[in-house]
C-alpha cells in the first residue's frame, strides 16, 4: 500500500516539473508557436489549480481619487472581521462612541454566499526600490484579493459582487460620521496617492433655530438649501453641475462661520475648510477638489485675504530679479524652506475650481466664500452662476436679538416687556450697530448669581456705550479729515510760495542779464 507521504512527494515533484517546463516553454518558444499550445497549457493549469482571483486596488491606474469599490469592500468585510480575522485594525466612529474593526494587512477571511465559499485577502505591496525616500508611504499600495472556484464564476460576477458593494455602501451610511476637513500642505502629500485632507469629527451645535437672524430671511435660506439637495434630476435636466455657490459677506462677528455650521447641520453635509495659501498651484487645487466627496460644503473663508490674485505677477517679477543676485546655496535653502509658501493659484484657476469642467467631478456640493469686504473681490469671482446666492450678514437687529435672548436666557418679549422695549428702541430707533457676537457676549451669564434681568441691563448699558463710542469715532474721523485737509492746504501754499519765489528769481536773473 502506497503511503500518503509518498503520494504528496510525487505530486510535489510533478508540479515542480510542470512549472519548470512551462517557464522554459514561455522563455524560449516563439510567440506564434506558443499561441497553439496556450489553451492546452491553461486547461492543464486550471485542472491543477481551479481557482480564480480578482484584485481590487485602493487606487486604480492614474486616478487621483480613492476607489469607491475599495471603500465599499472594506466596509463589507468589517462586518465579519471581528469574529473571523486574527489580525484586526480598530477605528473609532461617531465621536468615539463605538469602534469599527477591519482586516489588517496580509490577513485572510472566508465568506459564504448562496452556498458558495470565497476567500478575501487584505494585501499591501511595498516597492522593492532601494532608493532612500523621505516619504516611504508613497511606495505602498493596498488592495483586496477575492479568490473563488471557477465553477462559481457566474454567481460571483453577477450576484455576489453586487451584493458586496450594496451591503458595503449600506454599512458606510450607517457608520457615517460627518467630518470637518482641512487641506494638508502639498509638501506633506508624499505623492498623489497620499492623504490630501485631514479631518476631525464635525460636532458644531449651530442650527438655523439658534442662528441670530430675521425669521423670514432664515426660512428663505433653508428653503433654498433643501430645494438644492433634492434637485439632482433637475440639475441633470438643465445640463448644470449639481453644485451651488453662496457668498456670505459682512463685518466680523456677524455669524458667517455659524451660518456655515447651520447649513452643514441642516443638510447633514461634511465641511471642507480650504486654506488657499497652502495650495501651491492650480493643479494642486484641482487635486484637492477631486478628493472631496459629495454631500459636502467647500468653504474658503476670508477670500479677500486668502490670495492676492491681483499682485502675483509683480511679486513673481521681483522674485526673478532677486534670484540673479542669490548664490546657489541660498537658492536651495529658500527652495527647501519656502517652496510652497507663496501660492501660485491664479484667478482663472480659482474660477475653474468654482464652475469650470473640474467642478463637475462628483456632485451635491455647496461652495461658500466669506468676506468682510465684498468691494475688494473681483466681480468675475462673485457673479451669479458662480456665487448664486449673496447673503449679507449684518449687525444685530431686534429680531436677531430676540433669538439670542431666547438662546442665552430663555427670555421672551412678553416676560420682560420694558427691557425688550428699551433694547428695541436702541437697535431700531437709535440705530446702534452691534454684532450678534457682541450681543451674545453681553447676554452670557458670567456667574450663577446673575439673572436674565442683570444680563439684559448689561446689554442696554453696552448699547449706550457703543452709541457714545460711535459718536467719538465720527468726531475723530471728522477731526482727522480736517487735519488732512489742513495738511493738504499747507502743502498747496508752500508749493505756491516756492513757485512764486522761483519765478521771482528767474525774473531777477533776466533783469541782471539785460
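Note: Cβ is positioned from N, Cα and C throughout, glycine not excepted.
As written in Swiss-Prot, here are the features:
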type     : residues                               : note
TRANSMEM : 7-24                                   : transmembrane segment
BINDING  : 250, 251, 252, 253, 254, 255, 256, 257 : ATP binding site
REGION   : 311-342                                : region 'Disordered'
COMPBIAS : 331-342                                : compositional bias 'Basic and acidic residues'
REGION   : 467-514                                : region 'Disordered'
COMPBIAS : 467-502                                : compositional bias 'Basic and acidic residues'
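Feature map: annotations from Swiss-Prot on the structure.
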| residue | record | CB count, 10 Å |
| --- | --- | --- |
| 250 | ATP binding site | 20 |
| 251 | ATP binding site | 14 |
| 252 | ATP binding site | 10 |
| 253 | ATP binding site | 18 |
| 254 | ATP binding site | 24 |
| 255 | ATP binding site | 23 |
| 256 | ATP binding site | 22 |
| 257 | ATP binding site | 17 |
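Mapped onto DSSP classes, the compositional bias 'Basic and acidic residues' (467-502) shows 36 helix, 0 strand, 0 coil. Those residues of the chain, other than 250, 251, 252, 253, 254, 255, 256, 257, with a C-beta within 8 angstroms of the mean position of the ATP site C-beta atoms are 372, 393, 435, 436, 437. According to its DSSP assignment, residue 250 (ATP binding site) is coil. According to DSSP, residue 257 (ATP binding site) sits within a helical segment.
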